[in-house]
Amino acid sequence: MGAHQQLIAINDDLNQFHLTNRYVSMILGVVEGKLVNLYTGAAVPYRDDFGYLVDDAFRVQATTAGEHSEHCIEQLRQEFPEYGRGDFRGPAVTILQSNGSRITDFRYAGYRATNGKPELEGLPSTYAGESKADKSDEASGTAAIDDAAETLSIDLRDDLTGLTATLNYAIFRDEPVIARSVRLTNGGSEPVIIERLASCNLDLPDSDYTMTEFVGAWARERTPRTQPLHPGVQSVASMWGASSPYFSPNAIFARPDTNEDQGEAFGLAFVYSGNFDLHAEVDAYDTTRLQLGINPEGFSWRLAPGESFQSPEALLGYSAHGLNALSHTFHHIVLDHLTNPRWARRERPILINNWEATYFDFTEDKLLELARLAKQAGVELFVLDDGWFGRGKHARVNDRAGLGDWIVNPDRLPEGIAGIAENINAIGLKFGLWFEPEMINRASDLYEAHPDWVIATLGRDSAVYRHQYVLNFANPDVVDHIYATMHAVLSSANVAYVKWDMNRFITEAYDATRSAEHQGELFHRYILGVYALYRRLLAAFPDLLIEGCASGGSRFDMGILAYSPQIWASDDTDAVERLSIQYGTSAFFPVSAMGAHVSITPNHQTGRSESLAMRGAVAMFGTFGYEMDLTRLGEGELAEIAQQIAFFRKYAPLLHNGDLYRLRAPYDHRQAAWMTVSSDRRHAIVGDYVVLGVPNRPKSRVRLRGLDEDALYRVTSLSRLEIPDDDDDEVDSIAGATPGDAGTVRGSIPDGVAVVRSGGELMHIGIDDTNIGPDFAARIYLVDRLDEE
Ligand code: DGJ
């Protein structure tokens, strides 16, 4: 055996590589020059030679290693399959060469194994940081930075073109996740055109999987849809120029009997916000090829001699214990290895946003009135949404004008942004501001000065969405200008938070600053420009909290999350709809990533009326805030909001940093439930919801997860978000309670009453929730280990 990192074992003689931690193994080998995947799944022990895993049954198919080759190219589980060499499934790479050929032959050329995980140039990516083991071992003083991952880089070379593909595999020490990306370098003498480059190709030996995609549209984003794999291609993709609300750049591939609690599953997630393609292809021999990368449709990239192209990162996660465990894995990766560490596990400010309170119709007095009431209730941050900018005939008083002119409208805010920020600060709130940096109205000073900065195809009309157009962020001059104008606003005032919106997709894609052969680069260059602006703003204002948004949740992906620790999950603020949206989003994204607000009733999107208690109990499984006109509420409702805020502030660390378990899916519109559990299993908080009540309802119990079987827990039942008195008199049968002594409460636990139950009872028998309320009702259970008290 040769080099041996802790997580990567390498047999130099056989060119075999085994990436493994305690949870997952990926074994790679080289067969007749091709890099192949010998196994990916649950961790297996090291062995010197895994060569027996190479399929050598010979079928009448192409070989690429000469007449005496023992292997068919279509049978090898290739890591980097190419176009046109006898493997007729979708290739991971297609290169157009100057003679018109698309044939390449990438062969193994060497490797490097390193500690840590390098950044990807220009792109968001996961970072290594310190492993959990070393964090808990701080006393020894030996904690090494960057020890939470190790990276294997394998070079594959195509001799004829001089191209090298470097396949990067970073395995995390504490999570069953391998981060993958590819870097193509042109070491030849001719330019080439990259037409397709998958970030991850994974060939699996059978096809006994379901694919769960996350689908939707505006106001109903990310609903899971599960179907068995079948021969042919099953795919989700985006051509919108953003990850989109229609399909998400993440999917789950699970064994058919896998459920939330048990069974095997792979998760694939793209750390990218532009056009993507994620698909599974099942061939005639029931093998499966999973691919995730930039959508090849509409993409090409000219690579001149000496240049490199870096693909975005794809995360491959594995679970041997069901879908909740797979979600925990991705949540930990997001919080500990992707989110800006300044915010990752830090408490987020409870905010009020004026959008649904005023839309475009506000004065500074109105905003300050709203802020004063919000402050009285305990809100911490006031966010001024759309409508504060543009001047004169370009004033943003509706959605027809002003985008692009990031300069305050003095008719609305006479003392400028500095003035309103000071006034809000004087009330005792932080101040936040809305921008839509990538967009422009034709009715704007910016358009009058730079009509050529809009993405448009010369000689053709441009599609219009919401009276606006997209700025060409592939042009660095545009990004420089927007950066300068945003920087001027943000440095002129005390702005703690920015809401970065994006309300239309890219059409007539054409980059007027580049020649014909570079036109396929626009979509990717555009999103690189977006990321560059994020990075520059965060470098200039490191403490700024930027919340991502795109007509609600139209760009909710791990790329944006690398810069925006939270993303507005949907413009649909109806609590019932939010149960579905947040439930689906939680498959890959933690609670603290999901922007969620309590809004007015009847709800503006659905017209439905729901109790304040229900609205609060759903929004608290998100970043939590308010988006309603508090001046229209009575004293009772304002008092309840103050209680909700105090409640959320107390339980936010548990809600945001605990592990989320999905208990009951909301998609039958009857009931839903989820819970978060602290990592030491001592505390949990459960949200249990009735969507539509059922007459003469059958008995119903919600079974909890993640607790210690033998420990005793006090379970406090609440019908609204109100911190309970810690008065032992209200606890039913705590004294001398044993797992067999469940107390006298029969049926559902009444509001405000606490009982004692063992973890085993709570997980296997469950809590009776037959009678917790009529339509649109919520029950919260606070679950605390008794030895805590
Ligand atoms: C769409 C966003 O999703 C809303 O929250 C709001 O900011 C509007 N844009 C403002 O135009």
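Note: Cβ is positioned from N, Cα and C throughout, glycine not excepted.
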(message) I'm validating the feature mapping. Which of 117-141, 717-741 is tagged region 'Disordered' in TrEMBL?
(response) 117-141
(request) Going by TrEMBL, W218, D385, D386, K499, W500, D501, M502, N503, C549, D571 bind substrate; tell me which of R183, R412, R466 is listed for that site too. (result) R466
(request) Output: those binding-site residues from W218, D386, D501, D571 whose CB lies less than 6 Å from an atom of ligand 1, in sequence order; none if no residue fits. (result) D386, D501, D571
(message) I'd like the number of other C-beta atoms within 10 A of the C-beta of N503 (substrate binding site), please.
(response) 20
(message) Taking 10 A as the limit, how many CB atoms besides its own sit near the CB of D571 (substrate binding site)?
(response) 20
(request) Would you measure the largest Cα separation among W218, D385, D386, R466, K499, W500, D501, M502, N503, C549, D571 for the substrate site and round it to whole Å? (result) 19
(message) Comparing the binding-site residues D386, D501, which residue's C-beta has the most other C-beta atoms within 10 angstroms in this structure?
(response) D501
(request) Enter the number of other CB atoms within 10 angstroms of the CB of W218 (substrate binding site). (result) 17
(message) Please give me the CB contact count at 10 A for K499 (substrate binding site), counting all chains in the structure.
(response) 25
(message) For a three-state summary based on DSSP, what are the helix, strand and coil counts in the domain 'Glycosyl hydrolase family 36 C-terminal' (671-782)?
(response) 10 helix, 39 strand, 63 coil
